[in-house]
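First the structure, in the form of structure tokens, and then the observations on it.
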Amino acid sequence: MQIHSLKYPLIELKGVNVTFAQKTILSDINLTIYPNSIMTIVGPNGGGKSTLLKVLLKLLPATSGKVIYSKNVVIGYVPQNIYLDKSLPITVEKFLSLRKGTHKQDIKDALTLLSIGHLRLNAMQKLSGGEMQRVLLARAILNKPNLLVLDEPTQGVDITGQAELYQLIKQTQQQLNCAILMVSHDLHLVMADTNEVLCVNQHICCAGSPEAVSNDPVFIRFFGNQFAKNIAFYTHHHNHKHNIHGDICCGQDFRSTQCKHKIN
């Protein structure tokens with residue numbers, strides 16, 4: 001019996017395909033998101049990562065296949081970025097209050113949790129990249145989600161702030177007791193806490209623990225041998241592993257498939 005056979009999935013994708021104008025964007029995607037897990041999606045630009053998130057968020061219908069949601073799943077979403085009209089200044093508090101059913105205390109609590117209470121009355125247009133991402137994260141947790149979906153959460157954040165932001169995301173996950181699904185190229189920063197990595201290029205090319213994926217030939221062809229070695233080094237020095245459900249377990253890999261794509 002698997003360690004977490006009693007945990008019910010938050011979301012399951014079964015044989016999901018997405019096509020536009022007879023062009024395949026996603027092919028035969030199968031994945032399961034469990035409570036309290038952290039799953040990171042990597043892959044080349046144009047490989048379908050953002051499309052996969054849109055399907056999960058019900059922003060785009062799958063051409064075929066099934067997307068099954070737990071009846072109690074509550075999703076918070078952090079996009080890569082948002083467009084704000086500079087001619088219409090708006091404070092952080094006003095921006096967050098645009099979410100239906102939000103109360104001032106909810107806003108204060110979210111900002112306090114993310115250590116940005118001092119930004120409450122600041123203009124959104126004057127925020128730095130890191131501050132903006134924290135505000136978007138605050139907006140995502142207003143509905144107290146049990147699944148946070150993050151699309152390149154360090155977009156627009158300088159290098160020194162990226163590790164700090166990922167640490168804040170991890171702390172938020174622990175506070176909310178939620179799962180995280182994120183698209184990220186910063187695997188060297190998130191790998192210690194990631195339970196499963198999915199490498200997506202139209203289909204799932206390889207998947208498993210960060211250490212397992214870093215040794216997969218497909219991953220190495222995508223990201224380079226030195227980058228893969230760095231990931232393997234970091235994971236080797238992490239003092240334990242987690243399975244995809246978030247539990248400490250003995251060394252084991254999950255799944256790895258041979259990618260049909262050729263990479264020049």
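Glycine too: its Cβ is placed from the backbone N, Cα and C atoms.
These features come from Swiss-Prot:
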{"type": "DOMAIN", "residues": "11-226", "note": "domain 'ABC transporter'"}
{"type": "BINDING", "residues": "Gly43, Pro44, Asn45, Gly46, Gly47, Gly48, Lys49, Ser50", "note": "ATP binding site"}
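Overlay of Swiss-Prot feature records on the structure.
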| residue | record | Cβ within 10 Å |
| --- | --- | --- |
| Gly43 | ATP binding site | 23 |
| Pro44 | ATP binding site | 16 |
| Asn45 | ATP binding site | 7 |
| Gly46 | ATP binding site | 11 |
| Gly47 | ATP binding site | 21 |
| Gly48 | ATP binding site | 23 |
| Lys49 | ATP binding site | 23 |
| Ser50 | ATP binding site | 19 |
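Under the three-state DSSP scheme, Lys49 (ATP binding site) falls in the helix class.
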